[in-house]
């Protein structure tokens, strides 16, 4: 799970840096956006739960990893642009991995089951939400219901499996694969919950 | 006061969901905006005061209540649109109730009187401020001085009455009614503090 | 250092209030923007570090000082407009002073050296970032790399000097003067790290 976490923050930092480049940010801004996206979800979760110290404060190397990933992504921007589908894939993996990691953190804090699932979804979603706030955009998650819903579904599946006695590592793996497949299917087939704005053009994340 | 709190978060969630609909949000976004507006003010107050656990973490049913209220409001949008004045009224009640509840939370934490009043105003105002950030709008509270000022006035009145020996329930009721009347009068007569931008068109909240 | 802190929050509150005036804010909004800019950096730092109670909660007079400064600046707007270069100067001093104060707060909390430097930069930069979020602008810091970089450099210099045995007051003074000079030089000569958006017009802060 720790390896998946590192892969997820690297992927998040890289894909977000590429987005930031289109908005005319400089190197510092790209690195900041990459680090905020990758570490922001866990930070919001920990502040809301009162779970101190924050992960990146006890492990500052996480910050360097995300900044390096964002910088490398920006430097390699041209060739990586052709790998867009790879990033969508790794981003989906990161979303689900963040959700399960967030569930584990909350589960250790003796809160109720709905809050555990919600903490997972916050971990998966809030990094991107902070990035959108910094970039002065309306958060994508408010328009893309099958981003947050996938995080909620993966967390619910994870908790339910553990509740019926499945061992933790198995439950993690099943929830990871299930959520990952759901997210990829949502992107590929452009699934959306019924929106109130039918005219709204549904951009793929 | 607990009943007023529940009524206030329901009203906030509903009125904000209606605003979100105009911006092309889907069901998930509407529910999120409703819950954030209703619970965000208290969350900001508790994080700033270091008052853990947060209310909605120890009472997750608050989240379900606000999500249900937002969803119901979205489903009933057409008929409810005619009830706009009802929502302005309940929103004013919610603002003042949040302010007084916020004062009570801070008062238990042994902070100075100005901070108690400020904590009340933060509870009343920050939910809407978070919503405006999520919707990528300049927060209304920065342009509508008689929204935050009403929360400050109600909190000051509440503390002052308790200071001169008035019993807490009586002080709550007087501050609630006084702040509520002040807010309704401000909306009806379009009171504004002198703005530096005279040309700025003053939309009613 | 305490005097410098007070001067810094007054200068920040004033210069930000002047910016807010151009956006048609009323008196309440100006005072809020002034106080948020001056106190927001330290607040974000303390929430992330779990360092409670927050400074302005144990010293509410800081809030009054910043609100008064913002109000005075707004009232004196015409004559002060000619003093723009004075504000750039005091703002640069405030940025560096905030960074060093932030380092000191974090250093008392037994965190690693990179986090101490980062806490200083957060203190210097996040107030302005919150202000930009409230005013619905893309944070300047994402486009102006030599704002945050100066805060990082001053904090690094400060820690490095203490590490090699320089006494704290001397280290503070050297880091303050060095960072201040670096920031003024960056403003005057319009230094920028190589931006990916060459066409982007680089406005001076």
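Backbone N, Cα and C define each Cβ position, glycine as well.
Heads up, TrEMBL stuff is auto-annotated, nobody curated it.
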### Summary
Which range is transmembrane segment per TrEMBL? Of A:32-50, A:146-164, it is A:146-164
### Message
With pairs fewer than 6 apart in sequence excluded, do the transmembrane segment (A:56-77) and the transmembrane segment (A:146-164) have three or more C-beta pairs that lie under 8 Å?
### Response
no
## Note on the structure
Whole-number mean pLDDT, the domain 'Glycine transporter' (A:89-162), equals 84
### Task
Sort the residues of the domain 'Glycine transporter' (A:89-162) into helix, strand and coil with DSSP and give the three counts.
62 helix, 0 strand, 12 coil
### Query
What does DSSP give as the helix, strand and coil breakdown of the domain 'Glycine transporter' (A:3-77)?
62 helix, 1 strand, 12 coil
